[in-house]
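What follows is one structure encoded as structure tokens, with my remarks underneath.
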Amino acid sequence: MKKRFSKAFKNPITWVLLAMLTFFGYSQISNIGNSFKEVETQRIIGAITARQVDSALLLAQEQQIRVVLKSGIKISDASKLQASYLANQESDLVKILSENPPPNKWNVKVARQSLLVSLLITIVPFVFIAFIFFYLISRSQGGGRAFQFGRSRAKLNEKDKPQTKFSDVAGADEAIEELQEIKDFLVDPTKYQKLGAKIPKGVLLYGPPGTGKTLLARAVAGEANVPFFSISGSDFVEMFVGVGAARVRDMFAQAKANSPAIVFVDEIDAVGRHRGAGMGGGHDEREQTLNQLLVEMDGFEANGSVIMIAATNRPDILDPALLRPGRFDRQIPVDRPDLKGREAILKIHARNKPLAADVDLLNLARRMPGFTGADLANVINEAALLTARKNRDEVTNEALGESIDRVMAGPQKVSRLMNEKERLITAYHEGGHALVAHALPNTDPVQKITIMPRGRALGYTMVLPDEDKYSKSRNQMLDELAYTLGGRAAEELIFHDPTTGAANDIEKATALSRAMVMEYGLSERIGTIKLGSATGEPFVGMSYGHQRDYSEEIAAIVDEEVRNLIDNAHQEAYEILEVNRETLDKLVLELMERETLEKEEVAGIFANVKEWPARKPWTGSKDRKPSKQPPVVFEKSKKPQNG
């Protein structure tokens, strides 16, 4: 408590508030000491003209008149009265007192202020405002740096802190190899210099969120025995014009003074966006900062052995001048890890966690295709939290499975109690998804079905591949459209009264079908043309403000093609459910009883599902006939061993 008080009294704001309270209190006490009662001005004038006043005093400064009544006379139970008057009434009051002088005395008191007091009254408010302004600026800049707006906020990595190493990073072997080369150059540049090689001035790490871009930069800092400056792209721009450019200059000046050094800028898209992508024009503060960054990276003056590493999720919006050779010479994609990478990441995050003996991290990795490193770390951490919540000593497969569901669909809503009809509708809806997905030949296996509410969903069907896939065929996308609409088709088939539960399914189906027509060239009427290109110079922003690069007639055809794709998929899903109605009912009964079914249980129920026939060959045009000759059969041969 004493520390709090001492800290409070060290704050200048506290003393200012105390001074204001003291002044206010003094004013109140002064008023309390005043024994004159406030009445209307007219009543005092009446008392003067009636010669009931013993003495009177006009206070010109306060614009008040005070009178003392003769002995035995009271007005409003008071013998001492005061009233306020307007400035133009003062001469009238003087005339009235002159014509009806009190027997004792009357006087006009004009307060005279010294020159010093007048100056203080005029200057003190401005000094107070200036003090508050500079104090707040000083606080926002940290300590006593009120005038150091242009100083860089880059943090220098401290060598005595625990360091991240390349061994702590998994699932990004290619990126590690590229960054290892930069670390080697900083440690021993002669290896490269004797061959005439120049190390890249800048390295751009780009990829989806959570793939480990910042972690890779920290690993470089841990591996290299050179100063490592780190800063966020948003730290450059402030409310003051020119601050961002000044901070860029100061950051590179610090790095050059400590060269060889590494400068890491996280989320560089905050400052490196395409110039002209805003309403500010060339005088925009962010653009000034970017211009200075371009000059520092590859301008007239060489920056020595300073290497810049930057990370972004949006390389498409970066300015082309920033990406050219000589600035970011090397652009390294950091993608989602494959099966092997996911297993390695899980092993790293499971190092200090007691796993049950039957936990297989490889099988666990197979269940999470498309997960990023951050997702995988979250799965392991959630499993540990769930284990601790249940007071258990080991992380089991059950806890890991629950944590996967939590990461994918959100926490289970135990308190959300659905009535039996809602549960039945949800069971048919999820069963429709699963059955259509199983019946079609080009879909991934059904891994799990549940009607237990999670997040905002009343249930969900997990359809995931057993191995990583990096592209999709037309038939795979058509099958995906069909099973996405399988839930809506089931509601129509069984209840003849569809619900709002398919809203997200409709959104996904519309987005996929529109991409098939406009991006992937999978429409015969449109052909292999990409519509809605975002290239060209933006006049408002990078994501909007472009003129449409196709006509109204083409737009109408696109809408028709999208509608046809969705209608055909919807009809296909309906027919599959119609043919396999008995199996659908069997699945629903199991779901109503057990609520959740795993992959093997679903496969057992679907053993008698009638598989849907394959679609006709498609070449994109009626004029192109499909070849009857099958593709070649390639047998992978063993690589010759070097003897």
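These residue numbers are counts, starting from 1, taken along the chain as shown.
Even glycines carry a Cβ here, placed using N, Cα and C.
Among the candidates ASP329, ASP335, ASP338, ASP505, the residue that TrEMBL names alongside HIS429, HIS433 for the Zn(2+) site is ASP505.
Among the recorded positions listed (HIS429, GLU430, HIS433, ASP505), ASP505 has its Cα nearest to the Cα of THR214 (ATP binding site). In this structure the C-alpha atoms belonging to GLY210 (ATP binding site) and ASP505 (Zn(2+) binding site) are separated by 26 Å.
In this structure, of the binding-site residues GLY207, PRO209, GLY210, GLY212, the smallest number of CB atoms within 10 A of the CB marks PRO209. Cα spacing between GLU430 (active site) and THR211 (ATP binding site): 31 Å, rounded to the nearest whole number.
In sequence order, ALA311, ASN313, VAL334, THR372, GLY373, ALA374 are the same-chain residues whose CB sits within 8 A of the CB centroid of GLY207, PRO208, PRO209, GLY210, THR211, GLY212, LYS213, THR214, the residues recorded for ATP being left out. Considering only the binding-site residues HIS429, HIS433, ASP505, the residue whose Cα is spatially closest to the Cα of GLY207 (ATP binding site) is ASP505.
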